[in-house]
Amino acid sequence: MSETNTQGPKALDQRPEWHALAKHREELADAHLRDLFAADPGRGGRYTLQVGDLHLDYSKHLVTDETLRLLRELAAATGVFELRDAMFRGERINVTEDRAVLHTALRAPRSAVIELDGQDVVPAVHAVLNKMQVFADRIRSGEWTGHTGKRIKNIVNIGIGGSDLGPAMAYEVLRAWTDRDLTVRFVSNVDGADLHEAVRDLDAAETLFIIASKTFTTIETITNATSARNWLLTELRADESAVAKHFVALSTNAEKVADFGIDTQNMFEFWDWVGGRYSYDSAIGLSLMLAIGPDRFREMLAGFHLVDEHFRTAPPEENVPLLLGLLGVWYGGFHDAQSHAVLPYSHYLSKFTAYLQQLDMESNGKSVDRQGNPVGWQTGPVVWGTPGTNGQHAYYQLLHQGTKLIPADFIGFARPVDELGPLAAQHDLLMANFFAQTQALAFGKTPDEVRAEGVAEELVPHKTFRGNHPTTTILANELSPSVLGQLIALYEHKVFVQGAVWNIDSFDQWGVELGKVLAKRIEPALAEGSAVPGLDTSTTALVAKYRELRGR
Ligand code: F6P
């Protein structure tokens, strides 16, 4: 492990490796990507890496060989590799919850042995996968029928956060691999509109609800699940016996599942060593498995595993998640970058960035270190973005000519999905935009280049592009279940690397608790007008206004 004293490890910004980077940053103050490329004709080819099907170009980053060397030294000094190995070994690296962090075991092959407290967890992982497979086959073949004997044609996943974002994202990404005869919807918001819109055109007799909740106590999910049960029983004019054929649960909490009225036979288990935002390759992925089938689901798991192995074993110079994590440390720590854009050039990745928001921001949105001391350096960035080319006609103006430095990931695919038919002809145009954007962001357009086009002098500053905006390009042959698994594991481990360098616990999420507690206190005041002890004057007045507007 990294060097420690009684207060814990040396503060990041006190380390010589951090100071060396700060000095190096000053030396690079005036560096422009145009100059870095001019000085090294081989840069575009040299600054690339490959992991599995993912080709990564990091040449358009504000880095030199020296930057990368210093960043790797920082990683070594902060114990990234030791923490990584401890994670894979099943040590309790989630210190504030005293839990192991073993999502990598969810995609380990049957032959692997991963012990937690002396017990190999891999057989249990595969037993659940097999149970999911049997169930998926029964639904997809029509063998499992609803209460009235009708075949299940609609799947509604009810969950929130990690029990929604992963399967909802992956279902969108892999739509072309889904059984198009199944309607698959995702309900997360406690706003009744979400459930209403999801079920309003469905036949209850053909509908399966998957209640996904690690804890099975999350108020949004339990509220929506209760409403869904009421809807089903009303629509079917049936009693509680209908629930068994229309409700299954994905959870770690068998007791609460049984309390809710779901037979634990119809529960697919996972474990407390799987964090919610790291869980969609666990039983939480059941809706996805129903949609794409067990074989494709296993291909996806193999994609995850491939990148796990790469992260675990590749040397630092070739380690892609390490590089991505360190680039983020560089921009946050030494360029004051506040945010990070993820810009997929695939419409199927429309929910990809929303998924990454939880993965990254819930993991690394922390301001105390693992020992509880305030950190004196930037931690996780604001992650945002939408698929290209839509963003180009919305916020790319700010990326190109705004005042902020926003590193961005561009993710694209060489081949459009087969199903597009004649529409595949549009793919070259999509990808031409993809390549053009990273070029424009990096190299910009100088005032002289603008003048050479005959632009009036007063407009020259407006039409000049400073450039020097860093981007990563991730290019794969095609979007497949395996490639999706590879991409997600890549980001999981990138987030891990950053949390390790910043010395924060990337696996807890205490920051979501306060709002939950306050909402519970305020809810009765909205309905009954009861006073909430200790409520501030602003919120008290807003509650009164709300009641007035509701005519209460
Ligand atoms: O938002 C907090 C959180 O605990 C997430 O970490 C989690 O993914 C989500 O709520 C849902 O939790 P559960 O799966 O227990 O319903």
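Note: Cβ is positioned from N, Cα and C throughout, glycine not excepted.
Per TrEMBL, these features apply:
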ACT_SITE  Glu362  active site, proton donor
ACT_SITE  His393  active site
ACT_SITE  Lys516  active site
Just counting, how many other CB atoms are there within 10 A of the CB of His393 (active site)? 9
Using C-alpha atoms only, work out the spacing between His393 (active site) and the residue listed as 'active site, proton donor' and round it to an integer in Å. 29
Pairwise CA distance, Lys516 (active site) versus the residue listed as 'active site, proton donor', rounded so that it is a whole Å: 15
Residues that sit under 8 angstroms from Glu362 (active site, proton donor) by C-beta distance, when 6+ apart in the chain: Gly161, Arg277, Gln509, Gly511, Val512
Which number gives the other C-beta atoms within 10 angstroms of the C-beta of Lys516 (active site), all protein chains shown included? 11
DSSP three-state assignment for Lys516 (active site): helix
